[in-house]
Amino acid sequence: MSEPARLISPEKRGEDLDITLRPQSLDEFTGQAEARANLKVFIEAAKNRGEALDHVLFVGPPGLGKTTLAQIMAKELGVNFRSTSGPVIAKAGDLAALLTNLEERDVLFIDEIHRLNPAVEEILYPAMEDFQLDLIIGEGPAARSVKIDLSKFTLVAATTRLGLLTTPLRDRFGIPVRLSFYTVEELELIVRRGARLMNLPITEEGAREIARRARGTPRIAGRLLRRVRDFAEVARAEAVTREIADEALTRLLVDNVGFDQLDKRYLNMIAVNFGGGPVGIETIAAGLSEPRDAIEDIIEPYMIQQGFIQRTPRGRVLTAIAWKHLGMQPPKDMEAAQFRLFQEDN
């Protein structure tokens with residue numbers, strides 16, 4: 001059964017849109033130091049030349065700050081910010097309406113650009129390259145091509161699946177930026193900043209406990225902080241301590257590494273039903289009754305980054321870390337079998 005309301009899902013929810021908790025500048029933004037440093041240079045150079053910033057593509061798992069960075073870029077460039085997403089732009093007319101309303105150097109943000117309609121994508125190419133729209137007006141013998149000049153704008157796009165972008169689209173982004181999961185130390189700073197903006201007293205240990213369970217994702221850290229605040233207020237606690245954070249998150253079924261029941265079902269299924277793997281993604285999706293995309297985009301990235309599973313051409317394989325987390329003993333021949341598997345695959 002699908003679980004759209006998972007507390008630790010990195011996907012956006014209404015409560016995550018609290019603009020008061022969002023950083024308003026690159027200096028306020030915590031984490032992604034290399035990306036921020038490069039963006040500062042590109043923004044400053046574009047401002048000095050009085051030109052539109054080159055098109056930017058953010059790549060990375062959900063919840064790492066792609067939308068926030070796009071908004072900050074527009075603010076630091078001193079231009080307007082327009083936002084949409086790939087699935088919303090259903091036809092060429094929708095894209096034309098967006099592009100023709102942009103002013104000089106404005107930022108247009110397209111989230112989930114990998115889900116853009118292929119027919120719309122074709123229209124986007126000349127818009128990005130030549131700042132022109134090539135539209136076909138009418139049908140049949142009466143059809144004619146019309147060129148519309150556009151203001152020089154900056155397209156900032158975000159994707160969780162770089163491999164799903166066509167090569168022509170990918171090549172038109174002059175500034176590719178890959179975002180990675182945050183460290184516990186970075187998330188602790190984010191939690192403490194959020195608590196300060198909420199006027200919520202929190203101890204260093206309390207902030208770290210929330211950060212440890214946030215799966216390397218600021219959006220999840222903010223959501224966990226809100227739920228822990230609820231427990232602290234009802235308990236009339238003077239501050240969020242490690243004990244309060246631990247009790248709240250344990251009651252919410254978020255374990256000490258940030259896994260919930262769905263994550264545990266995933267690991268348990270591979271361990272119990274398939275002896276630790278390898279097992280194919282389609283089999284896992286069927287066993288969990290979850291879409292393949294949700295598993296690849298939401299469940300697996302953090303597990304892979306933390307070393308709980310490995311992706312191989314033959315399927316997913318549990319690591320020793322995963323077996324230890326489950327409190328199970330791996331099959332005696334696991335190491336030898338996995339060694340043979342990796343040797344054959346290489």
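A Cβ is built for glycine as well, from the same backbone N, Cα and C atoms used for every other residue.
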The ATP site in Swiss-Prot lists Leu21, Arg22, Gly63, Lys66, Thr67, Thr68, Glu129, Asp130, Phe131, Arg172, Arg219. Which one of Tyr182, Tyr266 belongs there according to the record? Tyr182
Taking every protein chain shown into account, which of the binding-site residues Phe131, Tyr182 has the largest tally of Cβ atoms within 10 Å of its Cβ? Tyr182
For the region 'Small ATPAse domain (RuvB-S)' (183-253), the DSSP residue counts stand at 50 helix, 2 strand, 19 coil
CB neighbours within 10 A of Arg316 (DNA binding site), counting all protein chains shown, number 25
Spatially speaking, which of the binding-site residues Arg292, Arg311, Arg316 is closest to Tyr182 (ATP binding site)? Use C-alpha to C-alpha, please. Arg311
Students should find that the Cβ of Thr67 (ATP binding site) has, within 10 Å, a number of other Cβ atoms equal to 21
Which residues, same chain and not among Arg292, Arg311, Arg316, have a CB within 8 angstroms of the centroid of the CB atoms at the recorded DNA site? Gly280, Ile281, Ile284, Ile295, Glu296, Glu300, Ile309, Gly315
What is the Cβ neighbour count of Glu129 (ATP binding site) at a 10 Å cut-off, with all protein chains included? 12
